Amino acid sequence: MKNSSIILVLVFFFFISSSGEAKTCSDGWTCVGEDKCKVNCMAKHKGVGTCTLYIIPSFPAPITSYICDCMFDC
């Protein structure tokens, strides 16, 4: 009985501690400047925005675009 009580307490503690973690979500839009990306991300989601260059392979030339990657807690 004593061992099962300890296991029950440990399982309960693990469940409570893991349920409180924030998940990370993301949003993205066309980047019009690093500073504007950071400001818009903070205003929309209270997150951190970074301009990232994405290269999409295509023929005859690859397509490149800058996207504002906004990472925030859900």
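Glycine is no exception: its Cβ is also placed from the backbone N, Cα and C atoms.
Out of CYS51, CYS70, CYS74, the record in Swiss-Prot bonds CYS31 through a disulfide to CYS51. Spatially, by CA atoms, the disulfide-bonded residues CYS25, CYS31, CYS51, CYS68, CYS74 include one closest to CYS41 (disulfide bond), and that is CYS68.
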